[in-house]
Amino acid sequence: MGNSGSAVKVCADHQGGINWLSLSPDGQRLLTGSEDGTARLWSTADSQCHGHFQGHESYITFCHLENEAAFTCSADHTIRKWDVVTGQCLAIYRGHTSIVNRILVAKDYLFSGSYDRTARCWSVDKEKQIQEFRGHRNCVLTLAHYSSKDVLEEEEEEEEEEERVSRDLLVTGSTDCTVKVWWVSSGRCYQTLLGHTGAVLCLILDAPNRELFSGSTDYTIRTWNIVTGEQLKVFKEHQGSIICLELVNRHLYSGSADRTVKCWLVDTGERIQTYKAHKHSVSTLKYHAGILFTGSGDACARAFNSRSGVLQKIFRGHKFIINCIQIHNELLYTASHDGTLRIWDIRGGRSSQKGSLSRLFNNKVGCMVQQENGEHETVELM
């Protein structure tokens, strides 16, 4: 395909930078959360804005979209739940005492991480805090969730009866350089994973293989056994902070402030490819049908052949950092700090691999890091 692309549509309704972009499980809608304190709902069928969620008193840091409900978190210390049809605010979750950085929805639980050094668990429907996870010495930036039944055999479980019944665990990554694993039912810390010497910016979980991957400002990625807490491998070749991770078929892709993405074989720890050409930090990435798509602080998105590492296309048009990307029905969606959502046609951008749209992976983080005073910076985290 050609080496440059122009957007088929530019959506410029927001009055401030877009910090996150979420795709609904059914692929019918997109949700953007912005510096202007609002979220907008977009149809993937016609690329029109079909919802405008207003109510937060400060900028939205992150958002998550289900098929029937939308969730946003903000520097105003709250989380909100919205009806995607009416735009009505259905619930406000109050309790955090500082910026809420990240939310995660799993089953009937809503999890949140904050600059107040805690993570919290809420009942999605009852607008009520169920649990508080306290023990980090600094802010909680990233979250993951799993059930112990996914990783533990019955004879391995020696926890209290309440915890065996619940089985749900929350993983938190913090700027205090640690990763912690918590029992959701009791709020008790099950494991503290020590080894990083910098802030933990991103987590990705492979529960069936009992593995957790963490990326840090110490320039490393570390792999952990989530049952024993043992550190398995350290991936050390990056020369800048690890900002985002993606795991596909036992291949780990890592985006860094050193302006590269690297591909690693999880089973051996071998680095098998480096994707260059970025002129700034790699802020977000996504694998789709043999192509690796990246977003960067240089305001461009790029498409690489995942096997050869060859740059196949550059998507130019944004004015500032691309904070998040999504892919649906051969369209690439890019959300930027310039306040626009841009839509690009990626047909013809596949590799020779066969197959329909790959499953999208959503458990990763971008590169927006809020500061305690309420300001926030778009990282060059080197």
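The backbone N, Cα and C atoms fix where each Cβ goes, and this holds for glycine too.
These features come from TrEMBL:
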REPEAT    11-43  repeat 'WD'
REPEAT    93-132  repeat 'WD'
REPEAT    169-192  repeat 'WD'
REPEAT    193-234  repeat 'WD'
REPEAT    235-274  repeat 'WD'
REPEAT    315-354  repeat 'WD'
When DSSP states are grouped into helix, strand and coil, how many residues of the repeat 'WD' (93-132) land in each? 0 helix, 25 strand, 15 coil
Within the repeat 'WD' (11-43), how many residues are helix, strand or coil going by DSSP? 0 helix, 18 strand, 15 coil
